[in-house]
Amino acid sequence: MWVRMDIVINLIINGLATGMLLFLLAAGLTLIFGLMHVLNFAHGGLFVWGAYAGVWLYLWTGSFAAGLLGACSAGLLLGFVMERLIIRPVYGDPTRQILITLGVMLVLSELVKVFWGPNQISVPPLDFLEGSWRIGEIVLIKYRVFVITAGVLIFALLQGLLKKTRVGLIIRAGAIHREMVESLGINVKRYFLLVFMLGAALAALAGVLFAPYSGAIYAEMGMEYAILAFIVVVVGGLGSVSGSALAALMVGLASAFMNYFLPDAALAVNMLLMAAVLLFKPSGLFGARR
Amino acid sequence: MLLELRDLHTVIGRHHILQGVSFGVPRGEVTVLLGRNGAGKSTTLRSIMGLSPVVRGEVRFEGEAIQSLPTHVIARKGIGYVPEDMGLFGDLTVEENLKLAMGKEDPPAAERLAWILGLFSDLKMYWRRKSGDLSGGQKQMLSIARAFVQNRSLLLIDEPSKGLSPIMVGKMVEGIREIKERTTILLVEQNFSMARAVGDRFVILDGGRCVHSGPMEELKRDKELQRRFLGIA
Amino acid sequence: MVRRIAAFRSRLLCGGITALLFLLPFLTDSRSLLILLTQIFIFAVFAMSYDLLLGYTGIVSFGHAMFFGIGAYTVGIWMKRGEATTESFLLSILVTIALAALVSYLVGMLSLRLKSHYYAMLTLAFAGLFQVAAEKWRGLTMGNDGFTFSVPDWLRDRETVYFIALFFMIFAFYFLLRFTRSPMGRVLQAIRENEQRTEALGYRVLDYKVAASVLSGILAGLSGLMYGLTLRFVNTSVFSVEITLDVLLMTIIGGVGTLVGGIVGAALIELTHDALTDLAKVHPLFERWIILFGIVYILAVLFFPKGIVGTLQNWRFARPVRREPDAGFEGEKV
C-alpha cells in the first residue's frame, strides 16, 4: 500500500509541475486568441527560444535568475517584433494568420539550430534546487515544487491583472466584444501589442523553467509542446485563463499518469480528451459568453 | 445640425445597402429613423460609428467630416452607440460594464452616473451581478446607461424597445424623454407608438435612401405616409 | 477577345510542355532527372489536393502529411507482408483510398463545423499523433528506421514509374479541374468566399466541407503511395511536419486557388531542394535551407498571397479598379 501511495504522490507532483508549465504556455496562447482572435501557431517557437536563450545565459553566467530574466526579455522582444511585422499586416484574415504563424514557427525552430546546432543541449540541475525533500516514504523533488509554486504565483498575478486593473478590464471586455469596446472610445489595437508581448514572455518563461525539469532542450520541443498547449487551450476554452489553468492541470496529470502506466498512449489520451471536448462542448470548459 | 449625412453609400460584401442617404439631426432633439425591415436603418447607425464600410459620401459631426475615422476616435468626438443586441459584456458585472465606459472617474462623470442610476434604479440593485444575468429590459437600461455616462453629445440608439414588455417600453419612453434633455438622440425604431411618443423629428428610409423627413407632428397626422412606408394600415 | 487568345496561348504552352514531358525519357539518359521529375509529379498531385482544401474551399489543414504517410506506409506494409505482387499493389491502392477517406471523414466531422482555427489545430495534433504512433508501433512500421520493400517487377523500371507518375498527375489535374468547375466545386468556392451566406442560401456547408476534405485526403494518400512506390522505402518522416510544410510552401508559392499553382510550386520546391542539397555539400550554411524557404513563405503570405500563378493571372486579366459600386449589385439589403 505504502509503495503505491508514494508513487501516486510523485506522479501527482509530476503532473502538477507539467501542468503548470503547460499553463504558462497555454495562458499566453489563450489571451492572445481571446483578445486578438489570432491563434498563434508560432507559440511553440517562443517556448523553445525562451528555453535556449535562458539556458544559454544560465550556463554563461552561472545564475539561473539571469536565465529567467534572459528568457523573459527574449520573449518580450520576439513578441514585439512578431506583432508589429507579422501579425499586424494580417489582422482580420484568419487564413493568412494561421498560415503565417506556422511559417514563423518553422523559422524560429530552424534559427535555434543555426545558433546552437541541431543537437540537444543538456541542462545541469540547479544548485540550490537540486535534490529532494523526504516526508516519510514520500520523495518531493525540489525543482518540481518550485515550478508548481512559480505557476501558482503567476496565475495569481495574471488573475490580479485581469480582474483588478483597468488594462485587465479592457482585455476581458475586448475578448468578449471588441467592436463594442471600440465604440466606447477605447483603442483596442494598442492593447494587442501588450497582450502579445505578455503571451510571448509567458511562453518563453515556460521554456526556461522547462529546461532543468527535463534535463535537456532540443529544437523539436517547440512543436511537441505546442500541440499539448493547443489541447489545453481547446479543453479549457479559447480565451479563458482560468479554463487554461484547469485544463493544463488535467492534461499535465493525465500525461504524468499515462507516462508511467502506458507511455505509448500518453499523447493519444490527451487527444481523446480534446476530441471529447470538441464533440460535446466545443467552447471548452470555460467558454466566454456575451 | 449636430449631425449631417450627405449622400452616404455603404457596401457590405456585395450588398449595396445604403444608396445615398442624406438627412440631418438637429441638436437637442430626438430624431427617429423609421422604415421597413431591410431598409438600412441599423446600417446607417453603424456607418456613422465607423463600424460599416462607407464607400462614398460624408458624415459631418459638429461640422467635421468623420466618415473615414476609426471607431474609437469617432466615439471620443462625442458619439455614443447603443447597438441592437445591446453589446453588453455578459461575463462582466454591471459595475464593470459602467466602469469600462467611464474611463476617468471625474466629478462630471460621477454626476452623470448618479443621475442615470437614479433614472434606471434597477441597475443599482444588480450592481455586482453579471450583466448576462439581467432581464431584457434591464440589459437595455444598462446599455443606454453605459453610453450616457460617457458625456456624448449624440447618442445612437438601435431599437431599444425590441423584445420588451409594454411596461418596460413605457419605462424606456420615460427614460428617453429625460435623457433627451441632456443630449441629442438619433433613434432607430420599428415600434411606431414608441417613436411617436419620444420623437421630435422623423426620417424614413426605404431601399437604402431617405425618402421623407420632417417634424413628428406631420407624420402623426399623415396616415397615407404611415401606410406607404411603415406598413401601418 | 483578349481572353480567348490568352487561353489559346496557354493551352498551346501546356500541350507543348506535356508533349516534352512524354518524350523526355527518350531524349535523355539522365536517371537523376527522371527521378527528380517523378518526384515533382507526385508532389504536384499532393499540392493540388491541398489546394482543393485551401484554395478552393478555404480550409486550412496542418495535417496533410497524415494522408501522405498513410499512402506510403500502406503500400510499404502491403508489399512487405503480402509479397510484391501486382494483386497486392492494387489492394494497397484500395486500402489507401479507404483509410484516407475514413480518417479525413472522421477528422472532418469532428472539427469542420467549428472555426477554422480548430481544424488547423486538430489536424496538426492528429498528424503528430500519427507520427508518434508510427514510431512506437515498431512491429508494423520498424519505427524511426523504417524499412525497404520490393515491388512487382514491372514497377521496378524507372521509366515505367515515370510514366505512371506523369499519368497520375495529368489525371489528377484534369479530374480536379472538372471537379472545381462543376456545381459542387462552385459551392465549395462560395463557401470560401462567404460561408454564412452559402449556409443561408440553403446549402449544408458541413457536408460539402467534409466531402472536399475526403477527396483531398484520398488524393494525398495516393500521392503518398506513389512516393513509397518510387522510393521503395518508408520511415516516419512521411508523417513529419516537414512534409506538411513542404506542401504548404508549394501551394502558397505556386498559387492558391489555381490548380496549376500546385504543379508550379511542386516543381519549384523540388528543384530548389535538389539544388540546395547539392550546395550543402559545398557550404554548411545551405544545410539550413529550410529557413530560406520559411522566410520566402512568410514573405509570400504577406505580399504575394496569390502566389506565382495567381499574381500572373491578375496581371494578365487586370481590370481598372472601380471606386464606386456600380448598378450591377444585387441590391439585397439588410
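Yeah, the Cβs are placed from backbone N, Cα and C, and that goes for glycine too.
Here is what TrEMBL says about this protein:
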- C:6-26: transmembrane segment (TRANSMEM)
- C:33-50: transmembrane segment (TRANSMEM)
- C:56-77: transmembrane segment (TRANSMEM)
- C:89-110: transmembrane segment (TRANSMEM)
- C:116-134: transmembrane segment (TRANSMEM)
- C:160-177: transmembrane segment (TRANSMEM)
- C:210-231: transmembrane segment (TRANSMEM)
- C:243-269: transmembrane segment (TRANSMEM)
- C:289-309: transmembrane segment (TRANSMEM)
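Counted over residue pairs 6 or more apart, the CB atoms of the transmembrane segment (C:243-269) and the transmembrane segment (C:289-309) come under 8 Å in at least three pairs, which marks the two as touching.
Beyond the transmembrane segment (C:210-231), the same-chain residues lying 6 or more positions past its ends with a Cβ under 8 Å from any Cβ of the stretch are 35, 38-39, 42-43, 45-46, 48-50, 52-53, 56-57, 59, 61, 64, 66-76, 92-93, 96-97, 99-101, 103-105, 107-109, 112, 151, 155, 161, 164-165, 168, 172, 176, 179, 184, 188, 238. Of the recorded ranges C:6-26, C:56-77, C:116-134, C:160-177, C:289-309, the transmembrane segment (C:33-50) has the largest number of C-beta contacts under 8 angstroms with C:160-177. Contact between the transmembrane segment (C:116-134) and the transmembrane segment (C:289-309) is not supported, since fewer than 3 Cβ pairs fall under 8 Å when only residues 6 or more apart in sequence are counted. Note on the transmembrane segment (C:160-177): residues 18, 21-22, 25, 34, 37-38, 41-42, 44-45, 48-49, 52, 154, 219, 222-223, 226, 229-230, 259, 263 of its chain, located 6 or more positions outside it, place their CB under 8 angstroms from a CB of the stretch.
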